[in-house]
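In what follows, a structure is listed as structure tokens, so that the remarks can point back to it.
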Amino acid sequence: ACVGENKQCADWAGPHCCDGYYCTCRYFPKCICRNNN
């Protein structure tokens with residue numbers, strides 16, 4: 001399963017972002033998925 005926009009994710013070990021999203025830890029300690037565009 002993948003997670004979508006603004007959902008919590010992990011760069012190294014799931015949950016991972018769905019296609020079209022990337023994981024950012026800019027909001028450390030919470031990493032979230034953001035749209036690639």
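Cβ atoms here come from the backbone N, Cα and C positions, even for glycine.
Secondary structure at Cys2 (disulfide bond), taken from DSSP and collapsed to helix, strand or coil, is strand. Per Swiss-Prot, the feature disulfide bond maps to Cys2-Cys18 (among others).
Residues annotated as disulfide bond in Swiss-Prot, with experimental evidence given as evidence: Cys9-Cys23 (among others). Counting every protein chain shown, the Cβ of Cys23 (disulfide bond) has 18 other Cβ atoms within 10 Å.
Annotation source Swiss-Prot lists disulfide bond at Cys17-Cys33 (among others), citing experimental evidence. Long-range Cβ neighbours of Cys33 (disulfide bond) (same chain, at least 6 residues apart, Cβ-Cβ under 8 Å): Val3, Gly4, Glu5, Asn6, Lys7, Cys9, Cys17, Cys18, Tyr21, Tyr22, Cys23, Thr24.
Positions annotated as disulfide bond by Swiss-Prot, on the basis of experimental evidence: Cys25-Cys31 (among others). The Cβ of Cys31 (disulfide bond) lies under 8 Å from the Cβ of Gln8, Cys9, Ala10, Asp11, Cys23, Thr24, Cys25, each of which sits 6+ residues away along the same chain. Secondary structure from DSSP puts Cys31 (disulfide bond) in coil.
The C-beta environment of Asn37 (asparagine amide), restricted to residues of the same chain at least 6 apart in sequence and closer than 8 Å, consists of Gly20. Taken residue by residue with DSSP, Asn37 (asparagine amide) is part of neither helix nor strand, so it is coil. The annotation asparagine amide is assigned in Swiss-Prot to Asn37.
When secondary structure is read from DSSP and collapsed to three states, Cys17 (disulfide bond) falls in the strand class. In three-state terms derived from DSSP, Cys9 (disulfide bond) belongs to neither a helical nor a strand segment and is classed as coil. Of the listed disulfide-bonded residues, namely Cys2, Cys9, Cys17, the sparsest CB environment within 10 A is found at Cys2.
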